[in-house]
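These come from Swiss-Prot:
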- Cys16, Cys52, Cys86: [4Fe-4S] cluster 1 binding site (BINDING)
- Cys158, Cys162, Cys165: [4Fe-4S] cluster 2 binding site (BINDING)
- 7-123: domain 'MTTase N-terminal' (DOMAIN)
- 144-381: domain 'Radical SAM core' (DOMAIN)
- 384-447: domain 'TRAM' (DOMAIN)
Amino acid sequence: MADSSRGTYWITTFGCQMNKADSERMAGILESMGYCAGSGEDQADLVLYNTCTIRDNAEQKVYSYLGRQARRKRDNPALTLVVAGCVAQQEGESLLRRVPELDLVMGPQHANRLDTLLSQVEAGQQVVATDDHHILEDITTARRDSSLCAWVNVIYGCNERCTYCVVPSVRGQEQSRLPQAIRLEMEGLAASGYKEITLLGQNIDAYGRDLPGITPEGRRQNTLTDLLHHVHDVKGIERIRFATSHPRYFTERLIEACAELPKVCEHFHVPFQSGDDELLKAMARGYTTARYRRIVEQIRKLMPDAAISADAIVGFPGETDAQFRRTLELVDEIGFDLLNTAAYSPRPNTPAADWPDQVEEHVKVERLKELNALVERKAKACSQRYLGRVEEVLAEGINPKDNTQLMGRTRTNRLTFFPAGSHRVGDTVPVRIEQVRAFSLSGSAQAQPALVR
């Protein structure tokens, strides 16, 4: 447990899994400095917002939170106020003009330098750190939110230039960690009792493009496929997942490896964004709907029970009703287990934000509503296949609504509830599924020999 010689801290995280992983590392740094986790942001001595700028509503929420803490700091000058993440990177110095009470503004490439930057704050400086920074040698020990499941960053940044996306400008160019370093981190996690690892990257299929080495066959020596083989035999790790994938780089070789390696879970998150080829071209996504359908076909051919989740955008500039209907058709055809949906939000410094044919907000709202209704219907249909089956569930915690139940996830990432009985958090339990909902399952624990996959 961290000591409290410097007081308490509170971190609020907005956005993606990458941000959550960064927040865990920053929490680890703060505890190594002598801070301890507080009970709430309004009581903490240091408040840090790890921000997201992927959509405008997330960004505006940050400013609302900041306004409250700025008022608090005017009454309590000893409060340390930090903005990290993508809004910090995007806005930089202008954040200080908007919120002069801030002590530190730091982009995501500087998350592992939090201790160094705070030492400058303690010396009386108001600090902005948004310059490009090579981060791979700066990996720090994280304070994990879970004691069983951990994120492991394998590649930072993104070299894609999707016309709607601000990520490359705020997270920088791709930087891949060495396979040996990733394996070493996983071995340390296994020694600490972790059972499930999710390998993380903004565009994880691009892993290794910046690393040297060519095989005799002429392909890159370090790919995500090679990495999965390299880390698969880490003792103690029972499950391996990875996210987020890009259809342009999602290869048949990768799919075959996932089918062959028993620890790799049968769950794939592969965003498609639109079901219309003209819009995909305008988005600069680099693939067609036919290519996306082939990926799904290959996954289901080798892993018939695999779960497939994705992301989709409605209301992209120029989207016609006919083009939106093609997105609905794709969703209806594939039947995603989960689909993260969003109305297009113009982001600063992206080409699509300046295009003249912006879709009206009320049209976006109606399209999003229609898509979400279809998503729920298809998810309910997907859930039916689990009824009566026995699924392997890693018990991650106690059901907050019923403390007699444990909850965890199947290998296909379905949230599942079951009576605890003699089982405890951390057990891997065969559960017979007796009730299905759109996005969760319920059942009862079975004797170990009943486990089938």
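Glycine is treated like the rest: Cβ placed from N, Cα and C.
Since this is a predicted model, take the numbers as computed values, not measurements.
Of all the binding-site residues listed here (Cys16, Cys86, Cys158, Cys165), the one with the fewest other CB atoms within 10 A of its own CB is Cys16. DSSP states for the domain 'MTTase N-terminal' (7-123), grouped as helix (H, G, I), strand (E, B) and coil, give 63 helix, 25 strand, 29 coil.
Inclusion criterion for the binding-site residues Cys16, Cys52, Cys86: a C-alpha placed within 10 angstroms of the C-alpha of Cys162 ([4Fe-4S] cluster 2 binding site); this criterion is met by none of them.
DSSP assigns Cys162 ([4Fe-4S] cluster 2 binding site) to coil, not to a helix or a strand.
Annotation for the binding-site residues Cys52, Cys162: lowest Cβ count within 10 Å of the residue's own Cβ, Cys162. Neighbouring residues of the recorded [4Fe-4S] cluster 1 site, listed in sequence order and excluding Cys16, Cys52, Cys86, comprise Phe14, Gly15, Met18, Asn19, Thr51, Thr53, Ile54, Ala58, Gly85, Val167, Val170 (Cβ within 8 Å of the Cβ centroid). Between Cys158 ([4Fe-4S] cluster 2 binding site) and Cys16 ([4Fe-4S] cluster 1 binding site), the C-alpha separation comes to 14 Å. For the domain 'Radical SAM core' (144-381), the model's average pLDDT works out to 96.
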